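Engineer: If you scroll down you'll find the structure; I have some questions about it.
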Amino acid sequence: MADQNPLLLQRSSESPILVKQQPSLDDTIEQCIGNFGWTQFFQATLVSFAWFFDAQQTFISVFTDAQPKWHSTSPSNSTCNNICEIPRDSWDWDLPAHTSIISEWSLDQCAGSIVTGLPASSLFLGCLAGGFALATLADSSLGRKNMLVLSCLFMSLTGIFTALSTNVWMYITLRFISGFGKATIGTCALVLSTELVAKKWRGNVGIIGFICFTLGFLSLPGVAYLTKGSSWRLLYLWTCVPSAFYSLFVHFLVRESPRWLYVKGRKEEFAETLRSIAAPENRSSLTQSFFGGCVEWEEESQETDVYLAMKILLQNSWAFRRLVAVMVVGFGVGMIYYGMPLGLGNLSFDLYWSVALNALSEFPASFLTFFLIEKLDRKVSVLGLALLNGICSVGCVLVRWKRMQIGLELVSFFSACAAFDVLLIYTLELFPTCVRNSGVSMVRQALVFGGVFSPVLVAAGRKNGFLSYGVFGVTIAVCGLFVACLPETRGRTLCDTMDEEERKNEAINNGVDKV
């Protein structure tokens, strides 16, 4: 039996004992796939583009829920700068009321920070609920691809219905539902794209998604500027309709993760997926005899419990410690990452330019991570970026010079973007294949949970700057310290099962294995 699949167990006709040690899944996929080809690049990039639409729906409230400019219509109140101190018939909005939900439904800042921040917070609350409810489906029954398609389609349809809202409570409800549906987009896109390629390219492919997220964020001020003066509803239609078509492209053009198919024991689909994404020079060797013949799969039992992956994470002490620590770090990063763009309206700069500059600052963060991810120690990188972020965020409150203030804000957001990118790549490496999607989903929920508080703090910061940027800075600096509780993962091979991860940890702790 000279030509056998290293994923399979070869048994001698004379004895049922295993006669050949089974290589790791990483080794097998690298052997089958070969060099990083155009097929892998196309599929990984198409999957990563889901982040583009995810970014648009995440930050769309920066414009649809913006606090509009106003002017006094009464000479006696022309010097008043507080809209709450003059009668309603003594002032008016600069632009038509339908340009923002704030002016259309009279949600001015006099209503309080909780009420004005609730529409934006409802999306993050929905993401939080959806993340907990849907996180394990990609690891259990649906798989990465199907979960991604359904999440994108659900987000698109609810976004279109949001444009039909007739009052603020309908709007809040639909934003919550949209958040619930889109909760797993980033996680599934990241996990699926990195599991379609071999170890050498995993970090770089993961960064493609972050670059797509940046492009989605950057597209918003452009679309918003083109629709300036028009109804906020157009912004939802322009961003959600293309997302619906994208879902169909993914369904027909993207393959399921070969790692997930292997873990689930789906032999034929696993073999077909490897053939389709393998380099041309390797496809001729991936014959039926390579995958089948007289060899057998060591299939895992097919569990029907969709929350099995989550139970495994919680029952294993080392996995639970990792999960808690990385989620605390994620909470601090998420509060800054989602809060900074929402707080741009509090600064004395043009909103469109401020958002564009923040979106542009994501590019150097993503590209820097893209080129240095294989050289950066994960722990030191996350901790350093968190501390830099905290210092600059507090500086935004203390500094009164406008140019210095926007400069500190950009550096703070840049470090938050880089910390966000590195943290998700770090999380991918902390957990084995059988629970990886669930682990990344939980960290994403921690990021979103930090975002839940951001709109309320931003609304409060309109009166007291420290309640927004000051709280942001202190929170991320403190949360970043928890990275010290995590192991370093740079250069390590990904594990597929909990037992394999435990054995590798024991070997590293005993000084036997460095990878």
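Numbering starts at 1 and runs along the chain as it is shown here.
For all residues, glycine too, the Cβ spot is worked out from N, Cα and C.
Quick paste from TrEMBL:
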{"type": "DOMAIN", "residues": "43-491", "note": "domain 'Major facilitator superfamily (MFS) profile'"}
{"type": "TRANSMEM", "residues": "114-135", "note": "transmembrane segment"}
{"type": "TRANSMEM", "residues": "147-170", "note": "transmembrane segment"}
{"type": "TRANSMEM", "residues": "176-198", "note": "transmembrane segment"}
{"type": "TRANSMEM", "residues": "205-227", "note": "transmembrane segment"}
{"type": "TRANSMEM", "residues": "233-254", "note": "transmembrane segment"}
{"type": "TRANSMEM", "residues": "319-339", "note": "transmembrane segment"}
{"type": "TRANSMEM", "residues": "351-373", "note": "transmembrane segment"}
{"type": "TRANSMEM", "residues": "380-401", "note": "transmembrane segment"}
{"type": "TRANSMEM", "residues": "413-431", "note": "transmembrane segment"}
{"type": "TRANSMEM", "residues": "443-460", "note": "transmembrane segment"}
{"type": "TRANSMEM", "residues": "466-486", "note": "transmembrane segment"}
Engineer: Average pLDDT across the domain 'Major facilitator superfamily (MFS) profile' (43-491)?
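Structural biologist: Computed over the domain 'Major facilitator superfamily (MFS) profile' (43-491), the mean pLDDT is 84 on the 0 to 100 scale.
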Engineer: Any contact between the transmembrane segment (147-170) and the transmembrane segment (351-373), i.e. 3 or more CB pairs below 8 Å with pairs at least 6 residues apart?
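Structural biologist: No, these stretches are not in contact.
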Engineer: Against which stretches of its own chain does the transmembrane segment (114-135) lie, if we need a Cβ under 8 Å and a gap of at least six residues from its ends?
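Structural biologist: Result: 57-58, 61, 65, 67, 101-102, 107-108, 147, 151, 168, 171-173, 175-184, 187, 310, 338, 342, 437-438, 441-442, 444-445, 448-449, 451-459.
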Engineer: For the transmembrane segment (205-227), I need the partner stretch with the highest count of C-beta pairs below 8 angstroms, choosing only from 233-254, 319-339, 351-373, 413-431, 466-486.
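Structural biologist: Selected stretch: 351-373, with the most Cβ pairs under 8 Å.
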Engineer: Which one of these stretches, 319-339, 380-401, 443-460, 466-486, has the most C-beta pairs shorter than 8 Å to the transmembrane segment (176-198)?
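Structural biologist: That would be 443-460.
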Engineer: Give the one range among 319-339, 351-373, 413-431, 466-486 whose Cβ atoms make the most pairs under 8 Å with those of the transmembrane segment (380-401).
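Structural biologist: The stretch I would name here is 466-486.
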